[in-house]
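A.B. asks: I'd like to ask some things about the structure below.
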Amino acid sequence: MGILEVKDVNKRFGGLKALSEVNLSVKENTCHAIIGPNGAGKSTLLNCLVGKLIPDTGSVMFDGQSVLGRTPHEINQMGISRVFQTPEIFGDLTVMENMMIPLFAKRDGAFRMHAYESVSAERALIEEAEAMLADVKMLDKRNMHSASMSRGDKRRLEMAMCLIQKPKLLLLDEPTAGMARADTNNTIDLLKEIKSKRDITIAIIEHDMHVVFSLADRITVLAQGTPLVEDTPEKIKGHPKVQEAYLGEAH
Amino acid sequence: MLGLEKKDFTLLLIVFALTMLAPFLLNPFPEGSAMAQFNAGYPDLMQRFVIFGIFAIGFNILFGLTGYLSFGHAAFLGVGSYAAVWMFKLLSMNVLPAIFLAVVMSGLFALLIGFISLRRSGIYFSILTLAFAQMMFALAYSVLTPITGGETGLQLALNDPRILGTSATATGNIPVPSLFGLEMRTTADLDLGAWGFTFNVGYYFCALVMLVAFYLSIRIFRSPFGMMLRAIKSNQQRLNYTGLNPKPYTLAAFVISGMYAGLAGALMASMDPLAGAERMFWTASGEVVLMTILGGVGTLIGPVLGAGAIKYMENIISKINSDILHTWFAFLPDGLEDFVVAMIYPFIGKGWHLTLGIIFMLVVIFLPGGLVEGGQRIARALRGRKTTDDSGKSAKTEPAE
């Protein structure tokens with residue numbers, strides 16, 4: 001049994017069958033990549049995992065519990081954190097505040113009325129946030145207005161915000177989309193470091209084969225809403241069906 | 001000190017000093033001089049400064065932090081006023097129970113209206129709150145006349161039951177609001193040469209309440225709760241995927257700001273024990289939006305400054321008439337004098353709205369951060385160094401030193 005079990009998931013948008021009979025099993029402490037050409041249903045599948053969409057049929061079990069019918073914040077509280085294609089951070093807040101919010105969410109749950117306490121009195125959480133910022137080499141930017149940072153820094157910050165919650169599963173939605181080669185390589189290094197340092201399961205949706213083959217332990221190829229094949233990176237590289245459906249096209 | 005960081009505590013001390021010394025500061029011109037009409041140090045106006053200051057401080061907790069623009073906050077002010085007057089009629093002329101009931105009632109109304117309105121965001125939220133406020137105004141004006149007094153408003157009468165007080169004073173008058181016997185209208189005058197200063201119990205009571213309200217708003221701004229509210233304004237999507245539920249946070253902010261409005265309404269009724277439906281009219285809701293934006297959205301002190309600026313203009317500029325203009329420009333040749341007066345006339349008296357509108361436009365275009373940003377720019381220019389540091393806004397908080 002994997003930590004994430006997707007069984008017979010179907011999702012239709014009007015006449016379009018976005019997902020049909022998707023089965024997926026992500027093992028604990030592995031990095032599982034989901035690849036496929038545009039329109040293969042990768043994003044739809046991801047949105048079904050995080051509560052943004054509800055599949056028409058099928059089940060999604062995370063850590064022994066169903067995620068279906070739960071809202072995104074409930075699913076996050078179960079232990080799934082998500083990194084977006086374009087970094088989603090709190091742009092009006094400082095880097096440090098961006099780090100404090102996931103810490104409060106982790107400690108206090110989805111809502112707590114703490115209107116009289118002071119943020120600056122939370123020494124333990126501040127230290128934790130500082131340690132994480134030091135980890136991703138952003139401690140010097142702690143008081144920066146986060147919207148004014150470069151895209152690469154925003155991406156690092158977003159990852160740090162997700163990791164500080166110590167999620168059981170980290171979902172990455174095309175984390176290097178639109179990035180320059182150098183930034184992409186930095187992101188790969190960052191993810192490799194995360195993988196080696198922590199016990200964490202990563203599910204990654206990615207277009208860039210370079211990223212996928214550098215990181216993934218297992219790869220699922222999705223085409224027209226159905227998993228075509230699932231295997232190790234080495235096997236996937238040489239797989240004729242994959243060549244035909246995907247690699248032959250753009251790469 | 002008081003659980004505040006040094007910068008915030010200094011701000012609180014400044015506001016404390018300004019409010020306590022207001023009777024002096026607002027009366028800088030000697031009585032009888034030509035400038036005396038710019039004096040604002042009379043009790044009625046000073047009370048309005050601090051009461052609308054409270055209203056705007058509360059509104060800023062919702063609008064400044066979460067970005068949800070309510071266009072119906074005057075409804076809670078009205079609810080507070082009605083509740084307070086009913087307390088005067090039924091229980092006693094002590095202002096404390098009146099304020100208590102007003103805050104509770106406005107909180108309950110805010111809970112109901114907020115629960116429904118917050119199902120939408122952006123312009124739809126604004127329209128929903130506006131609709132609710134206008135509905136309440138219409139109800140108060142017509143069908144609810146037995147409770148609200150309808151067109152004439154809710155007033156005290158000689159035959160009010162007043163369980164813990166007297167229906168009428170020994171001289172046969174309606175008793176006046178008081179704090180354990182200390183009447184709100186009590187004033188003391190101080191004459192220093194040509195200058196006259198008035199100290200009013202009601203003003204100082206309102207000022208102390210405002211200081212408490214201001215202190216609580218600083219605590220909220222610096223709390224994890226306040227940080228969540230700013231996060232809601234910044235990126236609700238990220239907040240959702242960070243395991244936080246924005247709905248109870250926005251609702252709590254809505255209720256808190258509704259209670260601030262109710263408190264302001266209760267103080268209005270305490271200064272002058274009557275309540276009318278016009279307090280809930282949409283222009284009253286719009287006024288608090290103007291105050292907050294003019295002063296500086298999301299800043300601590302901005303709403304108070306905005307409230308003061310607007311109430312000052314409403315009361316002082318509107319008092320200037322063409323006769324006064326003629327005395328000012330009497331030194332000019334006749335034809336020119338008439339011309340200058342004719343040019344300025346549209347901006348004074350009843351035309352003060354025009355002046356307000358122009359100032360508001362100038363502020364929004366050139367000082368998006370309101371008067372607070374203006375003050376910061378002046379301070380920076382005086383210090384002679386141009387910094388690009390925009391974290392100087394008093395709303396910005398850093399969790400660590």
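Residue numbering: from 1, along the chain as shown.
Cβ coordinates come from backbone N, Cα and C, glycine included.
The following feature annotations were taken from TrEMBL:
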- B:9-26: transmembrane segment (TRANSMEM)
- B:46-63: transmembrane segment (TRANSMEM)
- B:94-116: transmembrane segment (TRANSMEM)
- B:123-144: transmembrane segment (TRANSMEM)
- B:201-221: transmembrane segment (TRANSMEM)
- B:248-268: transmembrane segment (TRANSMEM)
- B:288-313: transmembrane segment (TRANSMEM)
- B:325-348: transmembrane segment (TRANSMEM)
- B:354-372: transmembrane segment (TRANSMEM)
A.B. asks: Which range out of B:9-26, B:46-63, B:201-221, B:288-313, B:325-348 gives the transmembrane segment (B:354-372) the most CB pairs under 8 Å?
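C.D. replies: Looking at each of B:9-26, B:46-63, B:201-221, B:288-313, B:325-348 in turn, the most contacts to the transmembrane segment (B:354-372) are made by B:288-313.
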A.B. asks: Name the range, of those listed as B:9-26, B:46-63, B:94-116, B:123-144, B:248-268, that has the largest tally of Cβ pairs under 8 Å with the transmembrane segment (B:288-313).
C.D. replies: B:46-63
A.B. asks: Which one of these stretches, B:9-26, B:94-116, B:325-348, has the most C-beta pairs shorter than 8 Å to the transmembrane segment (B:201-221)?
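C.D. replies: It is B:9-26, which has the most Cβ pairs under 8 Å.
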A.B. asks: Would you mind listing the long-range same-chain contacts of the transmembrane segment (B:325-348), meaning Cβ under 8 Å and 6+ residues beyond its ends?
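C.D. replies: Same-chain contacts beyond the ends: 34, 317-318, 354-355, 358.
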A.B. asks: Mind checking which residues reach the transmembrane segment (B:46-63)? Cβ under 8 Å, same chain, six or more beyond either end.
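C.D. replies: Beyond its ends, the transmembrane segment (B:46-63) has Cβ neighbours at 19, 22-23, 26, 40, 69-70, 73, 77, 200, 202-203, 206-207, 209-210, 213-214, 217, 220, 229, 253-254, 256-261, 263-264, 267-268, 271, 287-289, 291-292, 295, 297-299, 302-304, 306-308, 310-312, 315.
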